[in-house]
Amino acid sequence: MTHIDDQPTPMTFTAAPSLAGSVTVPGDKSISHRSLMLSALAIGHSRVEGLLEGEDVLATAAAMRAMGAQIERDAEGVWHIHGVGVGGLLQPETALDMGNSGTSTRLLMGLLASHDLTATFVGDASLSKRPMARVTQPLSRMGASFTSSPGDRLPLTMKGACPAVPLDYRLPVASAQVKSAILLAGLNTPGITRVVEPIPTRDHSERMLKGFGADLSVEIEADGTRIITLVGEAELQPQNIVVPGDPSSAAFPMVAALLVPGSQVTIANVGLNATRAGLIDLLREMGGSIEVINAREVGGEPVGDLIVTASILKGVEPDPARAPSMIDEYPVAFVAAAFARGRSIFRGLDELRVKESDRIATMAQGLRAIGVSVEELEDGIVIEGSGGAPLTGGGPIATRLDHRIAMSFAVAGLVSKNGVTIDDMRPVATSFPTFLPLLQQLGGMA
Ligand code: S3P
């Protein structure tokens, strides 16, 4: 997927006096991808409200269209999908362009693994560096075959198996994408597909598969291990889906409001699924004032409005076992740590090295460039906080086609002496196309 503007868009973010106002963030990215995929596999008409209209989700929509689903946009965030039924996807005529989106790629590989078709996946420079063996290995055991670029990377061509062989799989890495890929493959596979998850990860696939009528159950063992069982050859029923606001996007205004002195910001309609809400717990442990009001359920997911008030933060050393519940939020959590009192030590974050960029290295390099003292570890980072003193600032920060790096350093700019320049803000369009107007609305940009 090419960006509308093919030239990098550098931007500088400078100190904000205070942030105020009430905002909403776009729909949850994980739930948006799954809404399109599962609706495309149901027989009949599904309606989705609050869909994230970011480039990653649009890549999923284009792929599902290329394989026979009818997908139309009605109004902002409101989409209609006419599904083809489980097993009914058609051979795509051209390569599936996944842009920057690892979730589209890995989940679709699972979905197609049990279809009788051949598909080629291509992506941008960032996605083409990311490892795919974590999905090609289990999906090969189900009968699919793959021809990948060196290192199990994109471009990659896969041939699905129909019928596929059901798999009983213990996840070697805490990854919702791998779990979901196997479950999606299991939908069109005769027999029982089982995924054993020693460390819980986001459970949107399980919730939504059940909501669409699949026969799926989850058993939780005494040590917290989750065993997910799916009966194959499922028939999915079309749904009306309401997508909650993305907690991973809410993370940016949340941290900005905590850091910029005198701020108070309300972020309405934020998804609060426990498998995603780790950053809120972490920021509270650091001393952050985050109040949840209007707690409710929307579309089978817990949701609430957050009132965030500027607070003096202190350093933390979070337990690595909590990593999956805030896996995408570490970059902005590192910015909070850079402004806190004392030292923060983050460990057990090997997975951050294979995100849209190597987020440990990219954050360490960027934080140093704006005057923060950091030590990069193999599996994490040690950050010396400024104790609330403005960060020096500087740049340009190399964002390496990583939306969350760009937004994290934009937040850092709001509490800097000299401003923080980001080399390229375009990647923000993958997950949070309204980031700049939202920051402007809160008073974070001139
Ligand atoms: C996602 C799972 C996570 C997360 C990604 C979205 C999903 O990836 O980082 O942004 O929607 O399943 P991993 O499965 O690689 O941890």
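In case you wondered, yes, glycine gets a Cβ from its N, Cα and C as well.
Please treat TrEMBL annotations as automatic predictions, because they have not gone through curation.
Marked as domain 'Enolpyruvate transferase' by TrEMBL: 18-437.
DSSP assigns Arg404 (phosphoenolpyruvate binding site) to a helix in the three-state reduction. Annotation comment: TrEMBL describes Lys29, Gly102, Arg130, Gln177, Arg359, Arg404 as phosphoenolpyruvate binding site.
Same-chain residues at least 6 positions away in sequence with a Cβ under 8 Å from that of Lys29 (phosphoenolpyruvate binding site) are, in sequence order, Leu52, Gly54, Asp56, Val57, Thr103, Asp246, Ser248, Ser249, Ser431. Reduced to three states, the DSSP call for Lys29 (phosphoenolpyruvate binding site) is helix. Feature annotation from TrEMBL assigns 3-phosphoshikimate binding site to Lys29, Ser30, Arg34, Ser175, Gln177, Asp328, Lys355.
Annotation source TrEMBL lists active site, proton acceptor at Asp328. Sequence-distant contacts (6 or more apart, same chain, Cβ under 8 Å) of Asp328 (3-phosphoshikimate binding site) comprise Ser248, Ala251, Lys355, Arg404.
Taking Arg34, Arg130, Arg404 as the candidate binding-site residues, the subset whose CB lies under 6 angstroms from any atom of ligand 1 is empty. The CA atom of Arg359 (phosphoenolpyruvate binding site) is located 16 Å away from the CA atom of Ser175 (3-phosphoshikimate binding site). Neighbour counts were taken at the CB atom with a 10 A radius for the binding-site residues Arg34, Lys355; the maximum falls on Arg34. Ranked by Cβ neighbours within 10 A across all protein chains shown, the binding-site residues Ser30, Gln177 are led by Ser30. Less than 8 angstroms from the CB of Gly102 (phosphoenolpyruvate binding site) sit Leu127, Arg130, Gln177, Lys355, Glu356, each of them six or more residues away in the same chain. Counting every protein chain shown, the number of other Cβ atoms lying within 10 Å of the Cβ of Arg404 (phosphoenolpyruvate binding site) is 28. When pLDDT is averaged over the domain 'Enolpyruvate transferase' (18-437), the result is 98.
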